[in-house]
Amino acid sequence: MAELDTLDIIVLAAILLGTVAYFTKGKLWGVAKDPYASSLAAASGAKAGKTRNILEKMEESGKNCIIFYGSQTGTAEDYASRLAKEGKSRYGLETMVADLEDYDYDNLDAIPEDKVVMFVLATYGEGEPTDNAVDFYEFINGDSPQFTLDNEPALGNLNYVAFGLGNNTYEHYNIMVRNVDKALQKLGAHRIGQAGEGDDGAGTMEEDFLAWKDPMWKALAEKMGLEEREAVYEPVFGIVERDTLTAESPEVYLGEPNKTHLDGTPKGPFNAHNPYIAPIAESYELFNVKDRNCLHMEVDISASNLSYQTGDHLAVWPTNPGEEVDRFLNVLGLTEKRKDVISVKALEPTAKVPFPTPTTFDAIVRYHMEICAPVSRQFLATLAPFAPDEASKAEMTKLGGDKDYFHDKINVHHLNIGRVLEIVGKGQKWSNVPFSAFIEGITKLQPRYYSISSSSLEQPKKISITCVVEEQKLPGREDPFRGVSTNYLLALKQKQNGDPNPSPYGLTYEITGPRNKYDGIHVPVHVRHSNFKLPSDPLKPVIMVGPGTGVAPFRGFVRERRKMVENGQTVGKTILFFGCRKSTEDFLYSKEWEEAKQVMGDSFEIVTAFSRESNKKVYVQHRLKERSKEINELLEKKAYFYVCGDAANMAREVHNVLGQIISEERGVPEAKAEDIVKNMRASNQYQEDVWS
């Protein structure tokens with residue numbers, strides 16, 4: 001057989017490569033890009049083709065102002081977007097919004113003095129950075145962060161602005177922005193204006209933000225030589241009608257979060273960018289009273305790669321109720337066009353469309369917009385020029401500019417954007433408002449987080465949550481303000497338990513999901529890991545204080561220790577302080593505590609406080625004080641102390657009582673006792689999982 005020479009081999013190789021290329025086009029290469037097809041890669045930090053060099057990004061896109069956000073629930077991201085729009089429209093800044101996890105930080109020292117960096121940073125839980133800000137926080141607060149240049153000081157060229165989102169009911173109020181501000185100044189950076197702080201605990205977050213930003217803009221304008229101009233709305237997104245597509249077209253998103261869900265082949269990792277559509281194994285009512293609902297719900301994660309640890313949180317991705325979707329579309333004059341297909345395009349290179357397209361108006365409003373949230377004063381001001389008549393325009397302008405008037409007319413009633421437009425326009429359609437203004441001005445519909453009430457030791461492939469269905473009666477409002485997610489879960493529970501057309505309190509939901517993909521019954525979820533954990537040593541005593549649904553993680557803790565005992569292990573004293581209104585109405589998991597006592601014996605005890613069974617109201621903090629001697633003895637044995645539930649009242653009272661117990665039992669001044677409690681917090685001996 002003749003030998004092949006070098007030229008023959010080259011020719012054959014070229015033919016082979018050409019053949020492979022031909023048959024793999026559209027599969028391995030030349031694939032049409034879908035911006036939401038990369039959701040999974042984005043979730044794991046691998047964004048092919050996207051630079052992580054922020055200076056490079058700013059230069060290639062011609063930006064001189066970048067707004068970084070650290071956000072857990074979307075509010076910080078919303079504020080960052082609002083700053084970007086205002087900076088461009090009022091001062092002509094070339095702004096961009098950036099997720100902190102999308103970029104590296106070692107070249108912050110190379111950002112020149114004629115550019116500005118803004119940080120909008122939420123504090124999560126007990127003084128922790130938000131998930132997307134962990135790497136940045138650890139970098140900037142490191143002992144000696146390594147930058148690209150040899151500047152002295154390292155960040156002497158950096159001009160920055162800072163605003164924090166916090167909750168004063170937590171021990172470490174706004175610690176993220178405070179620590180980042182401190183670290184930046186230590187490295188020589190120059191802050192422009194004051195570091196702002198918003199307080200969700202006092203309910204003043206929005207007004208705190210508005211009060212901070214105006215003097216900040218004035219200081220920034222002076223520093224950078226900017227001239228204010230009349231703000232004119234400039235859309236960030238363009239809306240393109242897709243006449244050749246219908247809602248039945250397979251490439252149209254009807255609420256699916258990304259391409260794999262659209263194709264019907266969702267795969268992990270399942271996380272904040274990519275939910276798992278989990279089957280609900282069971283759901284039932286926990287209250288024995290007609291006018292209040294509390295749900296126990298179990299979701300099955302066995303067919304996913306999801307895992308959890310006892311004490312983690314389950315994130316539920318809700319949908320908006322049909323009534324509010326209809327209201328919103330109607331007031332914009334879009335009812336007849338709700339199923340029309342549109343594409344949403346970013347009109348500037350650094351903007352990100354917050355949901356996949358092509359899609360429909362109905363899908364955007366139902367699955368992607370936080371249309372039920374209380375509306376912001378600033379957003380109303382931006383809509384005033386598009387009002388249907390002069391009277392409506394004047395009213396919107398007044399609402400946007402007068403803090404007290406806005407509070408009395410809108411804020412106290414928790415009115416959402418659809419209701420405000422109905423009232424102000426007196427039933428007229430707001431068809432002049434560009435739909436892009438709503439995409440930009442309304443926060444993306446966010447997952448809701450629930451403390452997991454099961455034990456991963458006992459049931460690793462099934463997650464339970466415990467939630468009260470939220471209803472708030474407000475003065476001057478005919479119907480109660482109802483929680484979006486909890487009423488959605490109630491509808492799912494009703495459907496699973498035999499109601500073919502569930503409508504909790506008159507609300508209806510698309511519980512079968514886009515293209516009926518959630519039927520059966522399913523709910524989109526992901527797991528968020530938490531530091532709220534039992535001690536690694538099972539012999540350590542634990543004291544748990546959890547009234548109402550604050551008992552949720554402690555059900556998981558008790559079931560964990562109960563399972564340990566069943567497995568032959570010895571556990572330390574496990575004492576639970578639980579409170580509710582009446583033992584006959586809302587005593588959650590009462591039979592389970594009896595069963596736990598039978599298994600665990602003296603190592604488990606539940607102490608109850610029923611606030612409405614006597615003339616004098618008794619709460620968990622009172623029961624805690626009654627057991628002062630025992631509590632102190634357990635703490636001296638290095639017991640772990642846990643609190644879960646209402647931050648503003650219960651958690652604060654419990655904190656105060658604990659200080660009193662230590663002061664009185666150990667004979668030390670209250671200031672010394674407070675220091676002991678602070679040290680317990682610092683060492684994770686005192687942990688909270690609380691909400692405002």
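Glycine is treated like the rest: Cβ placed from N, Cα and C.
Listed in TrEMBL:
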- 6-24: transmembrane segment (TRANSMEM)
- 65-217: domain 'Flavodoxin-like' (DOMAIN)
- 71-76, 122-125, 165-174, ASP200: FMN binding site (BINDING)
- 273-521: domain 'FAD-binding FR-type' (DOMAIN)
- ARG292, THR549, SER611, ARG612, LYS617, VAL618, TYR619, VAL620, GLN621, GLU653: NADP(+) binding site (BINDING)
- ARG448, TYR449, TYR450, SER451, THR466, CYS467, VAL468, GLY483, VAL484, SER485, THR486, TRP691: FAD binding site (BINDING)
Shortest C-alpha distance to ARG448 (FAD binding site) - which of the binding-site residues ALA122, ARG292, SER611: ALA122
Lowest local Cβ density (other Cβ within 10 Å) among binding-site residues: ALA122, VAL468, VAL484: VAL468
Rounded distance in angstrom between the Cα atoms of LYS617 (NADP(+) binding site) and TYR450 (FAD binding site): 28
Cα-to-Cα gap, SER71 (FMN binding site) vs SER611 (NADP(+) binding site), nearest whole Å: 37
Lowest local Cβ density among TYR170, TYR173, which the record lists as binding-site residues, within 10 Å: TYR173
Among GLY74, ALA122, GLY125, TYR170, VAL484, which are recorded as binding-site residues, the nearest neighbour of SER611 (NADP(+) binding site) by Cα: TYR170
GLY125 (FMN binding site) CB neighbourhood, other CB atoms within 10 A: 19
Rounded inter-Cα distance in Å - GLN621 (NADP(+) binding site), TYR170 (FMN binding site): 18
In the chain carrying THR466 (FAD binding site), residues 6 or more apart in sequence that have Cβ under 8 angstroms from it: LEU286, CYS294, LEU295, HIS296, TYR450, SER451, SER453, THR549, VAL551, ALA552, ARG555, LEU588
Per-residue Cβ crowding (10 Å cut-off), top of binding-site residues ARG292, ARG448, LYS617: ARG448
Candidate binding-site residues GLY74, ASN167, TYR170, TYR173, TYR619, pick with smallest Cα gap to THR486 (FAD binding site): GLY74
Cα distance (Å, whole number) from ARG292 (NADP(+) binding site) to GLY125 (FMN binding site): 28
Inter-residue C-alpha distance, VAL468 (FAD binding site) and TYR619 (NADP(+) binding site) (nearest angstrom): 19
For THR486 (FAD binding site), the number of other Cβ atoms found within 10 Å of its own Cβ: 22
Proximal but sequence-remote residues of the same chain as TYR619 (NADP(+) binding site) (Cβ under 8 Å, at least 6 apart): PRO547, GLY579, ALA609, SER611, MET650, GLU653
Per-region confidence, the domain 'Flavodoxin-like' (65-217) (mean pLDDT, whole number): 93
Among ARG448, TYR449, TYR450, SER451, THR466, CYS467, VAL468, GLY483, VAL484, SER485, THR486, TRP691, the record's FAD binders - longest CA distance, Å: 17
